[in-house]
Amino acid sequence: MANRSEEAEYENDSRRNHQDKKKEGVLDLVLKRPIRWLRMLIEELHWSFFFGVIVVYGVSQGLGKGLSKVSTQYYFKDEQKIQPSQAQIYVGLIQIPWIIKPLWGLLTDVVPVWGYRRRPYFVFAGVLAMISMMVLWLHTNLHLALALSCLVAGSAGVAIADVTIDACVTQCSISHPTLAADMQSLCGLSSSIGSLVGFSLSGLLVHLVGSKGVYGLLGVTAGLLVVVGMVLKESPSRSLGRKHVNEKFLDAGSAIWKTFQYGEVWRPCLFMLLSAAVSLHIHEGMFYWYTDSKDGPSFSKEAVGSIMSFGAIGSLVGILLYQNFLKNFPFRNVVFWALSLSVLSGFLDLILVLRINLKLGVPDYFFIVVDEFVSHMISRIKWLPLLVLSSKLCPAGMEGTFFALLMSIEHVGHLMSSWGGGVVLHALKVTRTQFDNLWLVIVIRSLLRVIPIGLVFLIPNVDSNSTILPAEMLTNRRSEGVDTEKIEMTALISDEA
């Protein structure tokens, strides 16, 4: 009997030890490991860089995107009372400041203001975004043209802040190549968490204060960009004369042209342009259908916001999957499989619009949140390797300009897809109240997603630890800028004084 009692006690102790180890493993995965990762990034890169990423990607882009997307959709639908095809075109117009990102990048790279190359651009971006949002909030019966101008100006403020922090990320990717994927994961995590919070609150806020009231809140959040510009530690450089600035512009153009002559650079750029252009955006048509009381589910403002929050969760999961399991795989392989899954996920909208889900007993809300989650997760997995690749294609000394140029190429593709989606919605007579041909729009969009799969050969078959550009393009301009010109923001990657 004593032996049996001892054996039972031993088994209970073993079981408890196993459970304790399991709990400790889960705690390490969920809490301790992320904290160690964040601490490592702060120590390796500089606290001001970390703070800038959180504010720009997490608050300005993430939270701002979550709040502005829903409020703008309702603003166009309820305040301006325009058709979904028109709204799709106007959404493309709002993205124009992102297309001219190379201009912002060139300015921040070669034109210091009062001796600083980053801080003044953060301040200017914040002020511009604040003023435009306040006009939308305070002005009643605003004309459509003026409203669009304010939305474009607000988008420009976010774009300027984005290209400035992108320059810092790219510069750190060159100086810390092994952390390139980690930095993009940090940016993506900040953006996704901010988007999750923004989308979760957007519907409720639009219901409580209206779409214009949300613009007022966005004006307040834009003020954090000014704070970044004020607290960012940056070593001042000597002012450049007009002649010297002109020379720097010519040097920048020469460096850009030289870099684009490499096949490893222009081929993935062509892929980003074509893959984005043929993936038609029909978000506004789907939004009008979501809120329609006759043909659609007639979702409330709170429901629309919560649906989009699941998209943000999917994006966050995609980042975690890439960071933990996919970042060491070749870029080409990851993009290929993500594109293949994207084709299949595109047909989920078809099941929804044809109401097949109801025949199967699946409620609209449940089906839509699954659709949003899956599509955003796949989209993020597809886009992250391209971001990491882009950061490795930038010559030293021109990080902001060239990375902005690469991103603007992708935004041109998105503009074409947004306008193409608007044309298709208009051609197939999808209006505020007519959705008979929306299913055909979805079929066309989903079939066009097959095209980029045949273009993945344009992506270099290398992983995130590889160096793509020649060594002289990663060192010559940077050493010249730091040693003789003193225009590189070395404080971002140096130890705090």
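Note: Cβ is positioned from N, Cα and C throughout, glycine not excepted.
Taken from TrEMBL as is:
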{"type": "TRANSMEM", "residues": "45-67", "note": "transmembrane segment"}
{"type": "TRANSMEM", "residues": "87-107", "note": "transmembrane segment"}
{"type": "TRANSMEM", "residues": "119-138", "note": "transmembrane segment"}
{"type": "TRANSMEM", "residues": "144-165", "note": "transmembrane segment"}
{"type": "TRANSMEM", "residues": "186-208", "note": "transmembrane segment"}
{"type": "TRANSMEM", "residues": "214-232", "note": "transmembrane segment"}
{"type": "TRANSMEM", "residues": "265-283", "note": "transmembrane segment"}
{"type": "TRANSMEM", "residues": "303-322", "note": "transmembrane segment"}
{"type": "TRANSMEM", "residues": "334-356", "note": "transmembrane segment"}
{"type": "TRANSMEM", "residues": "402-425", "note": "transmembrane segment"}
{"type": "TRANSMEM", "residues": "437-459", "note": "transmembrane segment"}
Q) Do the transmembrane segment (144-165) and the transmembrane segment (119-138) come together with 3 or more C-beta pairs under 8 Å, pairs six or more apart in sequence? A) yes
Q: Tell me, please, if the transmembrane segment (119-138) and the transmembrane segment (214-232) are in contact, taking contact as 3+ Cβ pairs under 8 Å between residues separated by 6 or more positions?
A: yes
Q.
Three or more CB pairs closer than 8 Å, sequence separation of 6 or more: does that hold for the transmembrane segment (45-67) against the transmembrane segment (265-283)?
A. no
**Q.** Same-chain residues at least 6 beyond the ends of the transmembrane segment (402-425) whose Cβ lies under 8 Å from its Cβ atoms
**A.** 84-89, 91-92, 95-96, 98-102, 104-106, 163, 166-167, 169-170, 255-256, 259, 269, 272-285, 386, 390-391, 393-395, 441, 444-445
(Q) Let me check one thing: do the transmembrane segment (303-322) and the transmembrane segment (87-107) come into contact, meaning three or more Cβ pairs under 8 Å with sequence separation of at least 6? (A) no
(Q) Below 8 angstroms Cβ to Cβ, which residues of this chain, lying six or more residues outside the transmembrane segment (265-283), approach it? (A) 88, 91, 259, 339, 342, 386, 389-390, 393, 406, 409-410, 412-414, 416-418, 420-421, 424-425, 441-442, 444-445, 448-449, 451-452, 455-456, 458-460, 468-469
